[in-house]
Amino acid sequence: MASWTSSEFLYEEVKPPGIHFLERFRRSGKLSFKQYQAMVFVLTFIAYIAFHATRKPNSIVKGTLSEQPTGHFKGADKGGWAPFDGPDGTALLGQIDLAFLSVYAVGMFVAGHLGDRLDLRTFLTIGMVGTGVCTALFGVAFWANIHAFYYFLAIQTLAGWFQSIGWPCVVAVLGNWFDKKRRGVIMGVWSAHTSLGNIIGTLIATGLLKFGWGWSFVGPALLITFLGIVVYLFLPVNPHAVEAERDGSEVDSTMRLGDTITESFLSSRTSTGFDRRAVGFLAAWKIPGVAPFAFCLFFTKLVSYTFLYWLPFYVSQTEIGGEQLSQETSGNLSTLFDVGGVVGGILAGYFSDQLDGRAITAGGFIYLTIPALFLYRIYGHVSMTINIILMFVAGLFVNGPYALITTAVAADLGTHKSLKGNARALATVTAIIDGTGSVGAAIGPVLTGYIAAISWDAVFYMLMTAALISGLLLTTLIIEEVKTLLYGSSEEDHEVAAASTSRPPIDVLI
């Protein structure tokens, strides 16, 4: 078995059985490179939609499980479910969120390390099916009349591990097929899976809630289990696994430099037969830009996941235009935050490509998050129209940088020039960045569970402070990118060029 610093691959690549099936019905046999790219885009997209859909039931059923939520609940949806129906119900729900997200954060680092060494298709399938089983087991408590707090805690802990497998895998696979030049826009569109998953999960959970809260979990569970099987049958991990040949016209200057995992992976196979080196965990932290973006995402994801887990609950506790909304209506209304997130992710990717500045774009969105949150808290209750507009704007600025950092930025850093094209780092770097962010994601919701009992104003001040710190962490990178825009090539490019003759690449085994 590979150690923490081992660089051995633990698998032999094989063509997915579904690809064999498709090739039998094609006159020319093999699929084209672009067809494989389309397949990868769609499969990874729907896979992570399913992952996020399974996270939404928790936030949707909070008001149903807790009979005595924060504030004076006046809606029609009551009932409660022990042990969450007491005065400390919101705190217990926050602890369950903490258990899930803590294991998710730790598991992300482990999953990323394994993702560069295991068959990504099989590993991703395990994560999806395991997530489906855990999500269903949470809902089974409704029919089995289970009220033990530690049952829910154990299920969410296990679910956190299986969920952590997904992100490093899908980003690594996508990075294997798309070059750096177009990552911003492509991954900006692709990152819509986060918000779409939240929307779909919300609609499924709220639609089934009237039949009993257990169904809110079973629906998304069946979805991700089915899609996990589809992924196993059809997902091509990289061009070599399916013997795909890139058209000469598609190779651009960026790819000739060996920036992408695909090129370095294929070239290494040509020269050595089978390159088994993968970047080590500590070495990945040394890649320029990884640490600042990782800690930036800590605070960015804290804000995003607080909304993910608590927005429907907050809306149900707030009179909008003098009217108290039901749990179902609150859940459906909260999807507008995710609609804004879809637009924000696409805009962030587009602007970052046009400016060639990931940090500038992320920082700009993050700083605009602060007034957006302030306005939503102060004026969101005035009327339904104002609430919708401000919720959309808040979602745009909150999820825009989150989507950019976890996709295009992670893929760029995972194929950084300092690696000199001789190491596999995509899954590891992705895991470091999103794993660090997930620590913040674990802290935000549980803090909200306690702070909301005091005041929702305090919750929003906490979120605005987190956004400010997040933006400040990118200051150095923003300054470097501004200098590059004003004066030409960056200092980093000169350093990398000099390093090619003066020092060896990053030690991939550290």
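Any Cβ shown, glycine's included, is placed from N, Cα and C.
Summarising the annotation, Swiss-Prot assigns transmembrane segment to 31-51 (among others).
Cβ atoms under 8 Å from those of the transmembrane segment (91-111) belong to residues 58, 62, 65-66, 83-84, 123, 127, 149, 152-153, 156-161, 163-165, 167-169, 281, 305, 309, 427, 431-432, 434-436, 438-439, 441-443, 445-450, 453 of the same chain, restricted to positions at least 6 beyond its ends. Annotation source Swiss-Prot lists transmembrane segment at 91-111 (among others).
Per Swiss-Prot, the feature transmembrane segment maps to 123-143 (among others); the stated evidence is sequence analysis.
Long-range Cβ contacts of the transmembrane segment (158-178) within its own chain (Cβ-Cβ under 8 Å, at least 6 residues beyond either end) map to 36-37, 40-41, 44, 47-48, 51, 54-55, 99-108, 110-112, 115-116, 120, 123-124, 126-128, 130-131, 134-135, 138, 186-187, 190, 235, 237-239, 260-262, 265, 406-407, 410-411, 414-415, 426-428, 430-431, 434-435, 438. What Swiss-Prot lists as transmembrane segment is 158-178 (among others).
Sequence annotations record features per position, and here Swiss-Prot assigns transmembrane segment to 185-205 (among others).
Here Swiss-Prot flags 217-237 (among others) as transmembrane segment. Here the transmembrane segment (217-237) has Cβ contacts under 8 Å with residues 13, 15-19, 22, 36, 39-40, 43-44, 46-47, 50-51, 53-54, 56-57, 61, 119-122, 124-125, 127-129, 131-133, 135-136, 138-139, 173, 176, 201, 204-205, 207-208, 244 of the same chain, all six or more residues outside its ends.
What Swiss-Prot records for 279-299 (among others) is transmembrane segment, and it gives sequence analysis as the kind of evidence.
For 331-351 (among others), the entry in Swiss-Prot reads transmembrane segment, with the evidence type sequence analysis.
Positions annotated as transmembrane segment by Swiss-Prot, on the basis of sequence analysis: 355-375 (among others). Long-range neighbours of the transmembrane segment (355-375) within the same chain, counting only residues 6 or more positions beyond its ends whose Cβ lies under 8 Å from a Cβ of the stretch, are 184, 292-293, 296, 300, 303, 344, 348, 390, 393-394, 396-398, 400-401, 404-405, 408-409, 412, 460, 463-464, 467-468, 470-471, 474-475, 477-478, 480-482, 484-485.
Annotated transmembrane segment per Swiss-Prot: 378-398 (among others), in sequence order, evidence recorded as sequence analysis.
Annotated transmembrane segment per Swiss-Prot: 436-456 (among others), in sequence order.
According to Swiss-Prot, the transmembrane segment annotation covers 459-479 (among others).
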So which residues does the transmembrane segment (436-456) touch in its own chain, when a touch means Cβ under 8 Å and the partner is 6 or more beyond its ends?
70-71, 90-91, 93-95, 97-98, 100-102, 104-105, 108, 164, 294-295, 297-306, 308-310, 314, 317-318, 377, 402, 405-406, 462-463, 466
Do at least three CB pairs under 8 A connect the transmembrane segment (31-51) and the transmembrane segment (459-479), leaving out pairs fewer than 6 apart in sequence?
no
Listed stretch, out of 31-51, 123-143, 185-205, 378-398, that has the most CB pairs under 8 angstroms to the transmembrane segment (331-351):
185-205
Intrachain neighbours beyond the transmembrane segment (31-51), with Cβ under 8 angstroms and 6 or more residues off its ends:
19, 22-23, 124, 127-128, 131, 163, 166-167, 170, 173-174, 176-178, 186, 190, 192-194, 196-197, 200, 220, 223-224, 227-228, 230-231, 234-236, 239, 242, 244-247, 250
For the transmembrane segment (123-143), what are the same-chain contacts with Cβ under 8 Å, counting residues 6+ beyond its ends?
47, 50-51, 54, 57, 81, 111, 114-115, 151-152, 155-156, 158-159, 161-166, 169-170, 173, 212-218, 220-225, 227-229, 231-232, 235
